[in-house]
Amino acid sequence: MRLVAEKAVPSGLTVLNVQGFRHLASVSLNFSPHLNVIYGVNAAGKSSLLEAIYFLARAKSFLTPRLQRVIANGGKEVVVTGRVQNASGRHQLGVSFTEGKTRVRLNGEDVRSLSEFAGLIPIQVLNTEAQRLLTEGPTERRSFLNWGVFHVEPAYREVWRRYQRGLRQRNAALRLGNESVAKAWETELSEAGEVVTEVRTQFLNTLMTEWAMLLNDWMPHLTFDWRYRTGWLQGESLSDALQKGRSAELKQGFTLYGPHRADLVLVVDDQPVSQRLSRGQQKIVVIALRLALLTLWRQHSANRPLLLLDDLAAELDAHHRGLVMDRVRGMDVQTFITTIEAERVPFSDQAQWFHVEQGRISADERNERGSA
Ligand SMILES: Nc1ncnc2c1ncn2[C@@H]1O[C@H](COP(=O)(O)OP(=O)(O)OP(=O)(O)O)[C@@H](O)[C@H]1O
């Protein structure tokens, strides 16, 4: 894998405009490229603001798979626009959702493929549900992996698309019981699938070394390890797996082997992390994984990453909270933290403060004092 060693400029999301998003009042905000603290009482709208940022970066929500839910009650559409400053210049982004359709615009033009614009803001979220990356099925982990590789190696996008196209064609043939067409797609599928696997494996070797180092500091009494399940039998080529599996796949109507079935398994003392550790510990394992990814992105992605920390304090003891926040502080990524108590933010130098009250967001007077 070619790891692009391009230095990102200190930049990120500079301006955000939100309209019709949950119970947030329409607002235009200017962000710090370093730390942004969003504070307010329960249900003020802090998570919604982070969700709006994520919506701009990925055209999705991290809280719900149904975008209809982010439209303000009684409203018809949600529109989030923003300005991103990065190594390639200044970009104007806009994402809207109306009548079941998502529309994305980049610098005044419609964007057809999500990955055309999603490269601009490499984003990670850490919230009270962090451990779900381990406890849910493999789909989320594959998505984590695909996005992780994509920001380090943009060419990955093309080979993964090629693989998915081949998979759709072969699955359609399997469903129709058309063995010769299914077979005809196997060369394309296995070639693309082997490359996907190789790129993912190289990426994981780097990522998981960083992850293990973090956990060694944070939980030194435990021994962590990981395995990448490729999605077919080890020691066999994908081409052989597809050929051998074809008759069973014709009965099922879809492809059973390949990187679309891959999984990342995290292990502690030879047992899956999700079975062995407490929920708080699982959260720390996932935090380490996502921070390791941000470290890699910071080193190798052309664009500076963005981190959303939503109520991170929940379920972390003071010791581990301190360790995590020390790490975040040293990472130089654009960070957004929500909190109920502004005084408890452990590092607030260079911060921009935002107060949220009943959906109204205002830049804090502290910002004026800081810039004076
Ligand atoms: N589509 C919607 N339209 C209007 N209001 C909504 C919508 N979706 C959620 N809400 C309201 O938004 C509020 C929750 O906002 P949010 O979760 O952003 O608050 P928060 O400040 O993060 O709260 P907490 O500190 O409790 O996590 C709730 O009162 C909820 O009823």
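Placement of Cβ uses the backbone N, Cα and C atoms for every residue, glycine included.
Database features, via TrEMBL:
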BINDING   GLY40, VAL41, ASN42, ALA43, ALA44, GLY45, LYS46, SER47  ATP binding site
DOMAIN    14-350  domain 'RecF/RecN/SMC N-terminal'
Binding-site residues near ligand 1 among VAL41, ASN42, ALA44 (Cβ under 6 Å): ASN42, ALA44
Candidate with the highest Cβ count within 10 Å, taken from the binding-site residues ASN42, SER47: SER47
CB contacts for LYS46 (ATP binding site) [other CB atoms within 10 A, all chains]: 25
Residue, out of the binding-site residues GLY40, GLY45, whose Cβ gathers the largest set of other Cβ atoms within 10 Å: GLY45
Same chain, 6+ residues apart, C-beta under 8 Å of the C-beta of VAL41 (ATP binding site), given in sequence order: ILE340, GLU357
Environment of GLY40, VAL41, ASN42, ALA43, ALA44, GLY45, LYS46, SER47, the listed ATP site - residues of the same chain whose CB lies within 8 A of the CB centroid: THR338, ILE340, VAL356
Mean predicted confidence [pLDDT] for the domain 'RecF/RecN/SMC N-terminal' (14-350): 94
Binding-site residues compared (ALA43, ALA44) - the one with the fewest other Cβ atoms within 10 Å: ALA43
Three-class DSSP secondary structure - ALA44 (ATP binding site): coil
